[in-house]
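Engineer: Below are the structure tokens for one structure; questions will follow.
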2 protein chains.
Amino acid sequence: MNQRYKITIEYDGTNFFGFQRQPHLRTVEGVLHSVVNKLSKTSEDIIVYGSGRTDAGVHAHGQVVHFDLPNFIPAENLRLALNSMFPLDMAVKKVELVSNDFHARFSTKGKKYRYIVSTSSFVDPFKRNYTGHYKYPVDIKKIRNAIPYLIGKHDFTSLVASGSQAKSNVRTIYSITVKNKDKENELIFDFYGSGFLYKQIRIMVALLLEIGNGKRDADSVPQLLAVKDRRLARRTAPASGLYLEEVIY
Amino acid sequence: MNQRYKITIEYDGTNFFGFQRQPHLRTVEGVLHSVVNKLSKTSEDIIVYGSGRTDAGVHAHGQVVHFDLPNFIPAENLRLALNSMFPLDMAVKKVELVSNDFHARFSTKGKKYRYIVSTSSFVDPFKRNYTGHYKYPVDIKKIRNAIPYLIGKHDFTSLVASGSQAKSNVRTIYSITVKNKDKENELIFDFYGSGFLYKQIRIMVALLLEIGNGKRDADSVPQLLAVKDRRLARRTAPASGLYLEEVIY
């Protein structure tokens, strides 16, 4: 009988071509697949299932994957083995034994993402890969006025990038918060929802920044959602500011 | 009459082969030289003088350089121009007009460096380029017992790497402090001295960590300095944890 393992990992997305396995490219899933198969010592191909993809340059503090091993390994031993075999830009945070009905993708109940915006006039050299840069003035009150229009169950067709493979664009957002870290010249957005569409958070961040800057009105958001047309919200905040914080099961 | 400019810059050292200009390698001085010469629009070669070198992978929050321009540019304009032309891993913090007797290297009165040690059991993916990793237990009290032996005017021959071009190995250290950032699993060392020898800080950090770990005694330091032999302190902490914080004039 196979043992199923739930693994919580973090990675610096800078040097990965995203999560999904692709031939000849360094991806998170690709590295995981190769490490897990080296470790399993069986001839069968062990498949690694992720909670969902992250794009190139997107980071994770709490991505979750699962896989089955034919041989039992105590959780702490597996954690040490994986960490020893991982490259330095990837680490295991937690290993849990789970029953075979757990699925990293299909069992998800929600996801939390963080987006960090650097608002300094020039890019801080130490933040270039870890924030999205927005050099224009931002009024956080205007952003806070717009946020309630995004919360709840909506069809987010206007805020999804082309290339999405989702059958439905209806998602529920439970909360969005934004705070100012003045000392660091940072704006920090926290998103919690049932799930998010392809590039949805980066498109929402770009939209909220335009509202904060006065380029759009907060109360234009309901109309934007109603038209179900992405061409009205063309911008996408950079991948470098986005972190998958937690997957909720 | 030339105008001399004093420029305070910061850089993420990860993708530089150190400060000093070298053919075919990306270095801080090399980038500065090319940007300043593009900007000057004269046929004469503008030379950029740094306060001193930093090694490959070493960072700076406050490196200082100077150069002369034949044409006068207001400080704020020069700051904006340089920042626009710099690559993203480098930024100008300050531009000052100085008299022609100021010299970035020869006018220095002291330097401040910071060294950040990550003490988690595995390398944090987000810190791998920005800390030095030390996974063994460290007693900060033992380190604090050793520090007074390093402070003051000493011949630091035992703590300089081969390849140093200094005529004398006598330097004065004004202060060394160490603090624990428990929440972050970090130890932060701050060094302030008249100047430091080639790799001296990284060798001192490695020495202090060995003392903190109990591999050496704090009171072995005076003897170590007295023998003037590097072979007794072989280790060097990684470049990634070191930051040139400030140059004092």
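Residue numbers in this text run from 1 along the chain shown.
Quick reminder: no glycine exception, Cβ is built from N, Cα and C everywhere.
Heads up, TrEMBL stuff is auto-annotated, nobody curated it.
Annotated domain 'Pseudouridine synthase I TruA alpha/beta' per TrEMBL: A:9-106, A:146-249, in sequence order. Sequence annotations record features per position, and here TrEMBL assigns active site, nucleophile to A:D55. The substrate binding site annotation in TrEMBL covers A:Y113.
How buried are the listed features, and what sits near them?
Structural biologist: Here the domain 'Pseudouridine synthase I TruA alpha/beta' (A:9-106) has, by DSSP, the following mix of helix, strand and coil residues: 27 helix, 25 strand, 46 coil.
Listed in sequence order, the residues of the same chain lying 6 or more apart from A:D55 (active site, nucleophile) and placing their CB within less than 8 Å of its CB are A:G13, A:G18, A:F19, A:K199, A:A239, A:L242.
All protein chains shown were included, and the count of other CB atoms within 10 Å of the CB of A:Y113 (substrate binding site) stands at 26. Look at A:Y113 (substrate binding site): DSSP puts it in a strand.
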Engineer: Could you give me three numbers for the domain 'Pseudouridine synthase I TruA alpha/beta' (A:146-249), the DSSP helix, strand and coil residue counts?
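Structural biologist: The domain 'Pseudouridine synthase I TruA alpha/beta' (A:146-249) comes out at 40 helix, 31 strand, 33 coil.
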Engineer: Kindly state the mean pLDDT of the domain 'Pseudouridine synthase I TruA alpha/beta' (A:9-106) in the predicted structure.
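Structural biologist: Average per-residue pLDDT within the domain 'Pseudouridine synthase I TruA alpha/beta' (A:9-106): 95.
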